[in-house]
Every structure is written in C-alpha cells, then in structure tokens.
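According to TrEMBL, the protein carries these features:
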DOMAIN    152-257  domain 'CAAX prenyl protease 2/Lysostaphin resistance protein A-like'
TRANSMEM  6-28  transmembrane segment
TRANSMEM  49-69  transmembrane segment
TRANSMEM  89-115  transmembrane segment
TRANSMEM  213-231  transmembrane segment
TRANSMEM  237-256  transmembrane segment
TRANSMEM  268-286  transmembrane segment
Amino acid sequence: MEEEAISKSVAVTACTAMALLYVAILHAPTVILRLPPPPSFNSFMIRRFICAAISSVLSLLICTLILPIRSKEASILFDVYGIRVDHIWQAVVFPVSLTCLMYAGSMVLKALLLVDKWRERVSRGEELSYEYIQGSLQGFIDSIISVASNVSAWRNYVVAPLTEELVFRACMIPLLLCGGFKPYTAIRLCPIFFSLAHLNHLMEFYSKQNFSLIKTFMVVGLQLGYTVIFGSYASFLYIRTGHLLAPLVAHIFCNFMGLPKLFSRRNGMVSVAFVAGMGGFLWLLFPMTHPDLYNDRSDSCKCWHGYCSWS
C-alpha cells in the first residue's frame with residue numbers, strides 16, 4: 001500500500017456515495033422496489049436489518065476495489081478495516097471507561113434516584129429481605145430477556161452500531177487517510193457523512209412534531225449536533241487504536257445511555273459530576289487511546305498504514 005495512492009476527490013466522492021447508498025438501500029424496498037408495506041413493526045425492522053447488512057457489505061467491496069491493497073488476503077483486509085482479534089480487552093475496557101466519564105452526571109442522577117427509592121422503602125418500614133433481593137434479581141433477569149427479544153433493542157445495540165461503524169469508520173477513514181487527508185481532517189470529515197445519513201429521519205420527525213417545521217428543525221439540529229460530536233469521537237478512537245471494536249463499544253454504550261445529563265433541578269451534584277467527568281475525559285483522552293495500548297509495537301501497528309502513531 002502506498003501513501004496518497006488515491007486522490008482526495010476520489011476519496012470524498014466514494015465516502016459521499018457510501019453515505020447516500022446506506023440511506024438509499026434502507027428505503028429501497030418501498031421506494032425503489034415498490035414492495036408492499038411489512039405486516040408488522042418486527043417485519044419492517046427485519047427488512048431494515050437486511051438492507052443495512054447489504055449496504056455494509058457493498059461499502060466494504062467498494063473500499064476493497066478502490067484502496068491500493070497489494071494483497072487481497074482476508075487477514076490483510078480485516079486489518080485494513082480494523083477488524084482484529086488481538087488486544088480485544090483493551091479495545092473494550094479503555095474506550096468504555098473513557099466514555100463513562102462523559103456520562104458521570106447521568107450516572108450520579110441514576111444513583112440519586114436509587115437512593116430516593118431506597119429511602120421510600122425505609123420510610124414505609126420495609127426491610128431488606130431475601131425475598132426482596134430474589135425478586136429484584138428476577139426482575140433484572142426478566143428485563144434482560146425482554147431487551148434481548150426486543151427488535152428495537154437489536155436495532156439500537158447491535159445492527160445500527162455495527163453497520164454504521166463498518167461504513168462510516170472502517171470504510172471511510174482508510175479512504176480519507178489514503179487520499180492524503182491528515183488524521184484531524186479525517187476526524188472532521190467523517191462526521192459530516194455520518195450526519196448526512198441521519199437526515200433520512202427528517203420526514204419521520206416532521207410527522208411526530210405535528211408537521212411543525214420549526215420543531216422539526218430544532219429536533220433535527222439537535223440530532224445532527226450530537227451525531228457530529230459522537231462521529232468525531234468515534235473517528236478519533238478508530239484512528240488512534242486501529243481497532244474497530246473501540247468505536248463500536250463506545251457507540252453501543254452511547255446508544256444505551258442517550259444524551260448525557262448536564263444538570264438536574266433537584267440536585268446540583270449532577271452538574272458537578274458532569275463537569276468533573278468531562279475534565280477527566282479530556283485529561284485521559286490521549287493516554288487511554290495511545291497506540292501502544294492496542295498494538296504490540298506502534299511502529300508495526302495494525303491500523304491503516306501506521307496512521308495511529310500520530311499524537
């Protein structure tokens with residue numbers, strides 16, 4: 001593989017095409033193929049899952065054809081896309097720990113709610129019994145089973161993160177870096193394509209907001225802002241670690257937590273925790289994503305062309 005083996009215009013054009021392809025294939029069954037609407041929500045989501053999988057495979061094929069990869073062996077291709085089996089625990093534990101810091105306010109709020117719930121039990125004279133613990137554990141297990149069988153949960157925690165990270169990180173970043181873009185430029189560009197793909201929710205938001213353009217643009221603007229921030233963070237993780245699993249687990253965690261809690265009217269500790277967490281996040285951002293943590297030697301790292309060695 002050679003540096004700047006493709007032009008910047010080719011790299012940007014290919015990334016734009018993949019972003020549009022991702023959205024187009026999702027709507028292809030009804031808009032292009034004119035298939036009848038699915039009989040149920042589950043059927044609709046399963047159809048979407050299949051479309052997202054097809055889009056991801058096509059994007060991987062497009063990149064394989066465009067990128068100047070001398071060897072088409074599976075192991076080489078997997079390394080190019082950051083699909084690796086080495087340093088797995090580092091690629092899971094460090095990014096999740098780092099991402100948790102951004103949600104310090106949310107976690108403190110959840111802890112405060114649990115404390116309030118416990119105080120209510122104590123005020124009613126209810127004691128901590130074996131039956132109560134057993135019932136709580138059973139309720140927790142039931143909730144996990146319920147989530148595992150929920151098609152929306154599969155979309156939020158499996159299909160969407162996996163396909164989006166494959167297309168918008170594993171495919172696009174190697175193209176941009178090989179096209180001669182600097183890492184920081186690639187980090188700024190990738191979220192733009194990522195946000196483009198989320199504009200397909202515009203009509204959905206429009207109907208949910210009672211066809212109010214102002215409310216729709218406010219909701220879409222908030223979502224685009226969030227996707228740009230997260231897209232930049234995920235791209236940073238991918239470039240620094242050379243491991244697709246790093247942005248993938250961060251994506252799943254963020255989908256689970258939702259937007260971070262910045263403040264709470266009932267307790268100022270939430271804001272203090274958020275500020276402290278963000279301070280810790282910024283302080284540990286580079287140390288916890290150092291290439292040496294995810295590669296045996298940074299001079300022979302497995303990410304695209306050694307680009308993760310930048311500091």
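Keep in mind that glycine also has a Cβ here, set from the backbone N, Cα and C atoms.
Here the domain 'CAAX prenyl protease 2/Lysostaphin resistance protein A-like' (152-257) has, by DSSP, the following mix of helix, strand and coil residues: 95 helix, 0 strand, 11 coil.
With respect to Cβ pairs under 8 Å, the transmembrane segment (237-256) is most closely packed against 89-115, considering the stretches 49-69, 89-115, 268-286.
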